[in-house]
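Some features that TrEMBL has for this protein:
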type	residues	note
ACT_SITE	E137	active site, proton donor/acceptor
BINDING	E71, H89, E137	Zn(2+) binding site
DOMAIN	17-141	domain 'VOC'
DOMAIN	147-275	domain 'VOC'
Amino acid sequence: MAEASDLLEWPKKDNRRFLHVVYRVGDLDRTIAFYTECFGMKLLRKRDVPEEKYSNAFLGFGPETSNFVVELTYNYGVSSYDIGTGFGHFAISTQDVSKLVETVRAKGGNVSREPGPVKGGGSVIAFVKDPDGYTFELIQRGPTPEPFCQVMLRVGDLDRAIKFYEKALGMRLLRKIERPEYKYTIGMMGYAEEYESIVLELTYNYGVTEYTKGNAYAQIAIGTDDVYKSGEVIKIVNQELGGKITREPGPLPGLGTKIVSFLDPDGWKTVLVDNKDFLKELE
């Protein structure tokens, strides 16, 4: 068993970083305009793959070598997707929520919750929707190296999910928020403090064990120094907690980038990408 326990130490030692989140949109130019004009993101790169009938755009608040970004996918001829009930929101931190909300409104965006303090808390937030109906929480905070600060997903068993992300991905539970009066509990998972980096916000709603995934949200990508070793760890954790490998560790055809992809016990997908290969892709 020494080998398995040694392996389980690997995710904590590995050089891990959130790279990007992938999801599908019905009109690439429309979303690019919304994210750049309303949120202040930059368009980092764009690629068209006509033989596979799709295009991608990468947007974020800083370069992909250091920041977490969105990877938008447009599939030729598909103008809308079902977001499902499991996906929650993305979050952007800003020094002035009201100002950002006014910008969104001026550009024809949908404001679903006006700026104001959180129920039972002090921080000022608002919620807006992008043209495809993805929800963005806007959080008022001081300056940060990573304004793109959360991806929220709903899970059916929070303790199981926390354990999975700790063991399989080497994340830390940064904080847990119990809200019995609103019948939910949240676990914030990440590799660095919330104000410095992106976090995965896992939400458990009392009594709800399953959600629909829809076909809009795809996955999160995380960097690793060794996809093969990481894949072995995931197999061990899958046996204990659930989930499964959906693509065995190895290079992607044509691209050569080594990846391994898998589902967590709730069916959310993560892709681990070789750090060196990823930097090569960006060159």
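In case you wondered, yes, glycine gets a Cβ from its N, Cα and C as well.
Just so you know, TrEMBL annotations are computer predictions that nobody has curated.
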Sorry to bug you, but what's the C-alpha spacing from E71 (Zn(2+) binding site) to the residue listed as 'active site, proton donor/acceptor', rounded to the closest Å?
18
Return the average pLDDT for the domain 'VOC' (147-275) as a whole number.
97
Excluding near sequence neighbours, so keeping only residues 6 or more apart in the same chain, what lies with its CB under 8 A of E71 (Zn(2+) binding site)?
H20, V21, V22, Y23, N56, A57, F58, A221
